[in-house]
Amino acid sequence: MKKLHSFQHYFKLLLSTYKLFFKAAPIIATFVALLAPIQAIASVVAINAGQNVINEVTAHKQFWTSIGIWIIATALTQLLPPLATSTQGILTDKLTGFINVSLMKKSKDLQSLSIFDNNAYFDDLQLLKEGASWRPVNLIVFGVAIIQSALTLIFMLSLLAKYNLWIALLLLLVMVPQSLSYYQIQQQAFETMVTRSKNARKLDYLSSLLLDRKDAKEVRLFNMFPAVINRYIELFKDTRKNVDQVRMKQMYVSSFFLGLVVIVSGYGFFWFASSVSRGLISAGALLMFISVIASVSSSLATLVEDSSLLYDSLLWVEKYNRFEKYHDNFQNGTQKIGDSIKQIKLSHVSFTYPFSNEEVLHDINFSISRGEKIAIVSENGSGKSTLIKLLMRFYDPSKGEIDLNGSDLKDYDIKNYRDNLSATFQDYSKFKLSLFENVSVFRRGNNDKVKSALNNAGLESLLKDKDIDLNTILSKEFAHGIELSGGQWQKIALARDIYSNAQVEFLDEPTAAIDAKSENEIYKHFLTKNKGKTIVFVTHRLSAVKYADKILFL
C-alpha cells in the first residue's frame with residue numbers, strides 16, 4: 001500500500017509538471033507533446049514495414065510500397081529527434097523564465113518577513129532559488145523522454161502480443177518490478193539528501209567560507225583552512241554515510257531483474273525461431289522480434305533511468321507548488337493614508353518572533369506625532385531593530401495594537417503605507433546594480449536628484465572620481481564594476497533614504513561605519529533640516545540624542 005501511494009504521488013507530481021509546461025508555453029508544449037508519440041509510432045512503423053518487406057521478398061511479391069513506407073518511417077526517426085531537441089530547448093527557456101518570474105511575484109505577495117523565520121519554508125526557498133536556473137532543463141528532457149519511452153514500450157509489446165501474448169506479458173512482468181525497484185532505490189537515495197538539507201547548507205557555507213572574497217582576510221589571518229576543511233570532510237561523510245549501501249543494493253536488485261529480462265528474451269527468441277522453422281509464422285516475424293527486443297531494452301533502460309533522474313526534479317516541483325500556495329496570513333487592509341501620517345500609536349505592544357518562545361518586546365506604549373524626532377536607545381539585544389520592523393509592518397504585534405491616524409494599522413493597505421516610509425537599516429542592502437539604481441531603487445527620478453541625495457549623504461568625493469559615474473556597477477562581479485568601503489556603502493543606504501523623501505523615516509543605527517565628522521553632518525541633515533518630517537532613529541551615540549524631541553528607552 002505504501003509503495004502504491006508512493007507511485008501515485010510520483011505520477012501526481014508528474015502530471016502537475018506537465019501542467020506547468022502548458023502553463024508556461026501552451027503552443028510550444030503542445031508541439032513537444034505531439035512529437036513524442038509521433039517518434040514512438042515512427043519506430044513501430046519502420047519495424048513493421050521491415051517485417052513486411054522480408055515477407056514479401058520471401059513470397060516473391062511486390063515490395064516497393066513497403067520499402068517506401070520503411071524509408072519514410074526511418075527518415076522520421078532520424079529527422080524528428082533534432083527537431084524535438086530544438087523545440088525542447090525553446091520550451092526550457094520559456095519554462096525557466098516562467099518559474100523565475102512566478103517565484104519573484106510570489107515573493108512580492110509575501111509582505112511579512114515571517115517566511116524567513118520558518119525553517120521548513122526557508123529551506124524550500126533556498127532549494128528553489130538554487131534550482132530555478134537548471135531544474136526546468138531536467139524536467140523537460142526527462143519528462144518528455146519517459147513519455148516517448150513508455151509509448152515505445154507499449155507499441156513494441158503490442159507487436160509481440162499479436163504473435164504470442166504470453167511472451168509479451170512475461171516481458172512486461174519482469175520489466176515492472178525492475179522499474180519499481182530502481183525507482184524506489186533512487187527515491188530513498190535522494191530523500192536521504194533532501195531530509196538533510198540543513199547539512200547541505202552548512203556544507204555550502206563551509207565551502208564558500210574558504211572560497212569567497214568577503215572572508216578571505218580573516219580566514220588567512222587566523223589560518224582557518226585546516227579546521228574548516230576537516231569540519232567539511234566530517235560533515236560530508238555524515239551526510240553521505242548511506243550512499244555506498246544504497247548503490248550496492250541498487251546494483252544487486254537491478255542485476256537480478258535484468259537477468260530475468262535476459263531469460264525471457266532468450267525464450268522468446270527460441271519460440272520465434274522455432275515457429276519460423278516450422279512454417280507457423282513468416283520469416284519477417286523473426287526480424288521483427290529481434291528489432292522489438294532491442295527497442296524494448298533501450299526504451300526500458302531510458303524509462304527507468306530517466307524516471308529515476310526525474311524524481312529529484314519532481315520533488316523540486318513539489319516544493320515549488322507548495323511555495324506557490326504558501327500564505328503568511330498577513331492581513332492587508334484597503335484603507336488609504338490620505339494626506340499625511342499624523343500619528344502612530346503603540347498600545348501594550350508585545351512581540352515574539354514566529355517559531356520562537358522568547359519575548360523580544362513587552363508591553364510597549366508610546367506615540368509618534370507628525371514632525372517629531374524620536375530617538376530609541378537601549379542596551380544591545382533589547383529589541384530596537386525589532387520595534388522598527390513592527391513600525392514598518394514587516395511583522396504584526398503578538399499582543400497589543402499599533403494605530404495609524406486613529407485606526408488599526410492592519411486596516412491600511414500595506415503598499416500604500418510603505419510608500420510613505422523610508423529607512424536606513426542596520427543590515428542595509430548592497431545592491432549589485434548601478435550607482436543610480438542603488439540610490440533610486442527603480443523609482444522615478446533623474447540624475448540631478450540622485451546626485452543631490454549622494455551629496456547630502458556625504459559622498460561628494462565619490463561623484464568627483466573620474467572613473468565613476470551614475471552608471472557604474474557597484475560590484476566587481478560584473479565588468480567595469482567597483483568595490484566600495486563599508487562607510488561608503490552606509491552612505492549609499494542613507495542616500496537611498498534621502499532620495500525617497502518619505503513622510504516617515506526610520507534610521508536603524510545609520511552611522512555605525514561612518515567617521516564622527518560625517519556622522520554629525522548626516523544627523524544635522526536628517527534631524528534639523530527636515531523639520532516637517534517624522535523621524536525615528538536608533539542610536540548608541542549620545543551626540544545624536546540631543547536632536548531628538550522624545551527619547552524612548554527600551
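Glycine residues also receive a Cβ, built from the backbone N, Cα and C atoms like all the rest.
Pulled from TrEMBL, these are the features on record:
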TRANSMEM  20-47  transmembrane segment
TRANSMEM  67-84  transmembrane segment
TRANSMEM  137-157  transmembrane segment
DOMAIN    144-312  domain 'ABC transmembrane type-1'
TRANSMEM  163-183  transmembrane segment
TRANSMEM  251-273  transmembrane segment
TRANSMEM  279-304  transmembrane segment
DOMAIN    344-554  domain 'ABC transporter'
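With a threshold of 8 Å between CB atoms, the same-chain residues lying at least 6 positions outside the transmembrane segment (251-273) that come near it are 160, 163-164, 167, 170-171, 174-175, 177-178, 181-182, 185, 281, 285-286, 289-290, 293, 297, 300.
Long-range contacts of the transmembrane segment (163-183) within the same chain: residues 3, 7, 10, 153, 157, 250, 253-254, 257-258, 260-261, 264-265, 267-268, 271-272, 275, 281, 285, 289, 296, 300, 303-305, 307-308, 311, each at least 6 residues beyond the stretch ends and with a Cβ under 8 Å from a Cβ of the stretch. Within its own chain, the transmembrane segment (67-84) is flanked in space by residues 32, 35-36, 38-39, 42-43, 45-46, 49-50, 52-53, 144, which lie at least six positions past its ends and keep a Cβ under 8 Å from the stretch. Note on the domain 'ABC transporter' (344-554): mean pLDDT across this stretch is 86.
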